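Peer 1: Just dropping this structure here.
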């Protein structure tokens, strides 16, 4: 009973009716999806305020930055006497400081991600996740308190963002590892594509909340999302179950049986990994005991190319995440500059497109069973879409919304696919069945590498935007090109595998 009390969520101890046989496996799988969805959506909701508040903290419309892309009279914009910015972000180098603020958060987030995955495979994921949520909520609130305490120290805001980034890095490896524990590979792309919409849903919720309270003081844009994370953290602590075995269910991976040819192929692959030092021979046929090492996880097939692809994909996605409201605010739509609130709410269209993009990418990758091919297709289509959005997005509100939705659909598709289904596939692949506690480590490596790109993108945007937004979009298109480049070999292997399977099937048919 003592062990159960330590590992099982309190709600299952207080209410035994929630446990089997009263509730079937599907009930608990859905419950895990909902709870982890809410958990990571709240993380992203608390991440969104900096992008919404940028237009209030930074240089105002009518500055040399905004006029670089517009010949409008400032009288045509929705300027107010309060549009004076907030020291130290409102000077001529204000966008640089805002970019550095993003870097402070995202660089610590990226570094913390590697350590979070390492620890996540070794300690209770539920408690570790709750620890990250409580810290993230508290630090988000502390950032907002700078408004009421009239703080104008760059070091204060930078320091808060650094520590907050470390707490936020705990979330992703934990939720992916937990979902991976509860679901096998069957339809994983679609399931995790739907589930991964928490990123966009969190962005939307964070944008609406931050924009809605912005007019009564930008500090509220941080405090309210911070409280939201803490509340959801309490729910996670009370109801989340990490492993199906904790409730007496078998691991879903055990439901999949392999034929003789698959077993022989797996044995050959294991022998290769033994020779490379990735697996200990004596552990192949035994139950997993220890988590896989960091360097060993890097050497697993597919981890490196998908990690570097995500580096560039996340660079693009997070540049939009942190700068899109600012871009909309400083770029006239149909001849008029939008207000802070309108620009923030309008930016959610990109995330709405991201919801459908993530689901579609997961569904397509399940149908064709080729994650890399699907990712490359989305990446290639996003290049002309971004060009069209930059060139024609300001013509009217309809074109702006349509092209923004399509941009979010295509940009977030491969980003969502790689961070969920691909990471789960690589972290539970047959080659490491002798060491199944690798999922959080592999997930952390992939998303941690992507987060380095996420840190660099917003920083570069802060500097490059002073030369005009055309330069920013060129940077994003270049990043998308490199993202696709890293997946070419993996996509080629997927295509060759499909062709070989097709030839084998055709031979068996003609022989019979």
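Cβ atoms here come from the backbone N, Cα and C positions, even for glycine.
OK, TrEMBL features for this one:
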| type | residues | note |
| --- | --- | --- |
| TRANSMEM | 25-43 | transmembrane segment |
| DOMAIN | 34-496 | domain 'Major facilitator superfamily (MFS) profile' |
| TRANSMEM | 127-149 | transmembrane segment |
| TRANSMEM | 155-183 | transmembrane segment |
| TRANSMEM | 220-242 | transmembrane segment |
| TRANSMEM | 303-324 | transmembrane segment |
| TRANSMEM | 344-365 | transmembrane segment |
| TRANSMEM | 372-392 | transmembrane segment |
| TRANSMEM | 404-426 | transmembrane segment |
| TRANSMEM | 438-460 | transmembrane segment |
| TRANSMEM | 472-491 | transmembrane segment |
Peer 1: Which listed range (127-149, 155-183, 344-365, 372-392, 438-460) shows the maximal number of Cβ pairs under 8 Å with respect to the transmembrane segment (25-43)?
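Peer 2: By the under-8 Å Cβ criterion, the transmembrane segment (25-43) pairs most with 155-183.
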Peer 1: Most CB pairs under 8 Å with the transmembrane segment (155-183): which of 127-149, 220-242, 303-324, 344-365?
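Peer 2: Maximum Cβ contact count belongs to 127-149.
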Peer 1: Taking 127-149, 220-242, 344-365, 372-392, 438-460 as candidates, which has the most Cβ pairs under 8 Å with the transmembrane segment (303-324)?
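Peer 2: Ranked by Cβ pairs under 8 Å, first place goes to 438-460.
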Peer 1: Do the transmembrane segment (220-242) and the transmembrane segment (344-365) come together with 3 or more C-beta pairs under 8 Å, pairs six or more apart in sequence?
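Peer 2: Taking Cβ pairs at least 6 residues apart, the transmembrane segment (344-365) and the transmembrane segment (220-242) are not in contact, as fewer than 3 fall under 8 Å.
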Peer 1: If we skip the immediate neighbours and take only residues 6+ beyond the ends of the transmembrane segment (438-460), which ones have a Cβ under 8 Å from one of its Cβ atoms?
Peer 2: 99-100, 102-103, 105-107, 109-111, 113-118, 120-121, 125, 169, 172-174, 176-177, 180-181, 291-294, 297-298, 300, 303, 306-308, 310-319, 321-323, 415, 418-419, 422-424, 426-428, 432, 475-476, 479
Peer 1: Determine the mean pLDDT over the domain 'Major facilitator superfamily (MFS) profile' (34-496), rounding to the nearest whole number.
Peer 2: 83
